Structures are given as structure tokens and as C-alpha cells.
């Protein structure tokens, strides 16, 4: 069996924040809340301009409390 697709899904960064671009937007796969670094996260007092990879290790989705590892990378903005 080919394992090329096992453990991966389109948009996954596999919890490796080092693979993310500074301007990467990510979406919670539980509630679809979007983290946009241009906006930051006012709930967690994350300043605009903060990349997803620079979020604190304890950061969670402000909408559903999902773990950061549950986020998927979104494609480029149109």
C-alpha cells in the first residue's frame, strides 16, 4: 500500500510551524475560524502582523478552543 497520502490532507502543515510562510492564513478545521496574520487575534491579544508560526505554544482557536495543530493552510488570497 502506498503511504504517500497517509497522515496528510490538502492544506495540512502537519504541526510544523517552521514550514509556514510569514503571511500564511490558516483555518480551523473544526469551526472554520480563519487566522489572518494581518489581523492577528484580538481575543488572545495577538497583535496584527503576527505570523501563525510566531503564536505562543499555548494558543488555541478563539472560537472553538481547538488546538493550533488542527489548523489548515489556506490558499493564496484572491
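Yeah, the Cβs are placed from backbone N, Cα and C, and that goes for glycine too.
Residues annotated as domain 'Rubredoxin-like' in Swiss-Prot: 23-74. Positions annotated as Fe cation binding site by Swiss-Prot, on the basis of sequence analysis: 28, 31, 61, 64.
Annotated features taken from Swiss-Prot, shown on the structure.
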residue	record	Cβ neighbours (10 Å)
28	Fe cation binding site	21
31	Fe cation binding site	13
61	Fe cation binding site	23
64	Fe cation binding site	12
For the domain 'Rubredoxin-like' (23-74), the number of residues DSSP places in helix, strand and coil: 6 helix, 12 strand, 34 coil
Cβ-centroid neighbours of Fe cation site 28, 31, 61, 64, 8 Å, sequence order: 30, 32, 33, 62, 63, 65, 66, 70
Average pLDDT across the domain 'Rubredoxin-like' (23-74), rounded to a whole number: 96
